[in-house]
Amino acid sequence: MQLKTLMIGDIVGQVGLRRLFYSLSTLRKHYSPDLIIVNGENANAGFGILPEQAQLIFQQGVDVITSGNHIWQQEEQLIPYWQQEKRLLRPENYPDPAPGQGYIILEKKGHKIAVINLQGRQLMPHIVDNPLITLKSLINRLKKEHISQIFVDFHAELVTEKEIMAYQFDGKITAIVGTHTHTPTLDHKILPKQTAYVSDLGMVGAIPSIIGGNIELSLQKALSQIPYKPEVAESDSSLLCGLLILSDTTGKAIKIERIIE
């Protein structure tokens, strides 16, 4: 039986949360996804996600929340939450003894599925383990458990690093999608060995904005070089970006559809 997976980009602030909640019912009716994965990296005013925000997202029917470097800005509140909620991920390649976990195994429509969160190393603020080595080791373990549906959120800055990951693991995973830049790229494709790929899903956030942030404050910071604390843009208009992936019983991607609305 085929699996239909909806992967949605970085949620930015309350605007992003409102847009996600507004759009999910429509997306469900239109696409009937079996699995929904959302990046909650910037849900809390641009900086990480709070337990109560994660709970609201799960209550809307989202199966897994991924994240990235900003997740640690809410670390104190998340450490106890992680003890009971394994569906909120942090990048797997943070060194031990980082709290939380970077992947989860679940079951949908008779498929055993792995969702993995990784972080890049180029132009990123934290030193993490090599994502190539981390993913290779993890895939080897998952294959021993006969898991073929494998979805990766690779939270990284550079397209080159994302494409290296994609081609290195083409045919070994179902999909690898980039997050972090908040800019939806149009290079979505199925690679030669049937792994779905896009360099960046984009965001769920305000428009107009500067990658979801307040325009005036971003301009002031650029002109003055004063390190103002970023603020999320507020707007009645918003954008939701994602990718729909159809995979076969062996975990190969057979069809994808870009979602920007």
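Including glycine, each Cβ sits where the backbone N, Cα and C put it.
Residues or ranges marked as Fe cation 1 binding site in TrEMBL: D10, E41, N42, H182. Look at N42 (Fe cation 1 binding site): DSSP puts it in a strand. Taking the Cβ of N42 (Fe cation 1 binding site) as centre and 10 Å as the limit, one finds 32 other Cβ atoms among all the protein chains shown.
Around the Cβ of N69 (Fe cation 2 binding site), the number of neighbouring Cβ atoms within 10 Å comes to 21. For E41, N69, H155, H180, the entry in TrEMBL reads Fe cation 2 binding site.
Taken from TrEMBL, the feature active site, proton donor covers H70. Under DSSP, H70 (active site, proton donor) is assigned to a helix (H, G or I) in the three-state scheme.
Most buried of the recorded positions H70, H180, H182, judged by other Cβ atoms within 10 Å, is H180. The Cβ of D10 (Fe cation 1 binding site) lies under 8 Å from the Cβ of G16, N39, G40, E41, N42, G68, T179, H180, H182, L201, G202, M203, V204, G205, G212, each on the same chain and at least six residues away in sequence. Around H155 (Fe cation 2 binding site), the same-chain residues at least 6 positions away in sequence with a Cβ under 8 Å from its Cβ are N39, E41, T66, S67, G68, N69, P91, N117, L118, Q119, G120, G178, T179, H180.
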